[in-house]
């Protein structure tokens with residue numbers, strides 16, 4: 001029993017002495033320096049432009065009528081699939097047939113009159129040559145004959161027009177496609193005056209759509225034909241559709257003093273989920289690098305603080321100390337520690353600028369010269385100077401160790417000043 005008590009007392013004494021030593025060490029050191037680092041990794045980095053637009057069919061045709069009349073029969077409806085030359089509707093032909101009959105009668109009358117005037121002219125001409133009739137009678141015969149020929153031509157035109165109008169009473173589809181809109185009903189009267197009334201709207205192919213996107217004038221300079229595009233629609237918020245830029249229209253669009261340019265984006269639609277008129281939110285990848293070596297942009301801004309580095313060096317064992325100034329002098333054109341690395345923030349363009357980052361090998365850090373590419377505002381592409389897996393320093397901070405000392409001081413194994421009992 002006495003031996004066991006001696007062992008316990010000895011253990012408590014060792015712990016107490018160790019605690020005093022640690023407490024004394026923490027009191028002397030007071031603080032420690034931590035480095036926050038990130039690993040150089042590979043992945044896709046891109047710079048994008050956002051835009052909104054509407055889904056449209058690539059080819060849309062408005063089918064109208066060139067004659068007035070009552071819609072007698074409709075053969076198609078909304079969403080009907082039609083072929084080129086298929087009958088869509090018919091206008092009541094009865095008034096047009098009456099007009100055609102009248103035109104035919106007018107033509108027949110004009111032909112009869114021409115026949116008579118020609119005969120009269122041919123009869124009077126020899127008499128005029130023999131001076132058996134007056135000049136006036138001959139001139140009148142010539143005039144009547146020419147007038148009759150003109151009347152036949154006019155009557156023929158009227159007949160042809162009436163016949164064509166009768167043909168126009170049957171409305172045909174000009175293309176293969178789908179009926180998007182039907183603007184008339186059976187029995188409705190349409191009037192073809194100066195403007196041709198639209199009866200149907202037909203889209204050519206709904207498996208190939210396009211997005212008409214409005215791109216801000218500040219971003220249009222970065223957009224090029226062939227760039228990859230991702231877009232979403234409200235109907236399918238969890239789906240991403242893909243396409244590419246096919247056209248940049250030069251005509252600006254001004255709305256409320258905001259200037260935009262229309263960009264046409266191809267939108268393959270094999271499942272026919274995209275419908276004309278849907279609103280699309282598009283992301284245009286104006287710059288993109290796949291399998292690129294990248295690091296956080298914060299690493300370009302890091303500069304070691306001279307005072308913190310001095311404290312850090314004091315904490316290192318003597319064997320880990322580099323040669324004097326080695327950690328500070330390896331970077332060409334070195335500035336004083338604590339200064340900001342001006343110009344490190346990129347604008348998203350592939351600038352191939354020479355920059356400097358700090359990497360951590362073991363316990364020490366040192367600067368390396370790197371060449372940067374594009375950035376997305378968070379990460380930046382590294383073209384040269386780093387290898388995958390290297391640790392770049394993002395920041396350094398000072399940790400106060402007094403809290404740790406207080407926690408150790410509150411340990412039940414640490415020696416304490418005896419408390420007086422309150423009376």
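Sequential numbering from 1, following the chain as shown.
For all residues, glycine too, the Cβ spot is worked out from N, Cα and C.
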Stated TrEMBL location of transmembrane segment, expressed as one of 6-26, 27-47: 6-26
Range annotated as region 'Disordered' in TrEMBL, from 284-318, 319-353: 319-353
Residues of the domain 'Multidrug resistance protein MdtA-like alpha-helical hairpin' (100-169) by DSSP state, where helix covers H, G and I: 64 helix, 0 strand, 6 coil
Mean predicted confidence [pLDDT] for the domain 'Multidrug resistance protein MdtA-like alpha-helical hairpin' (100-169): 95
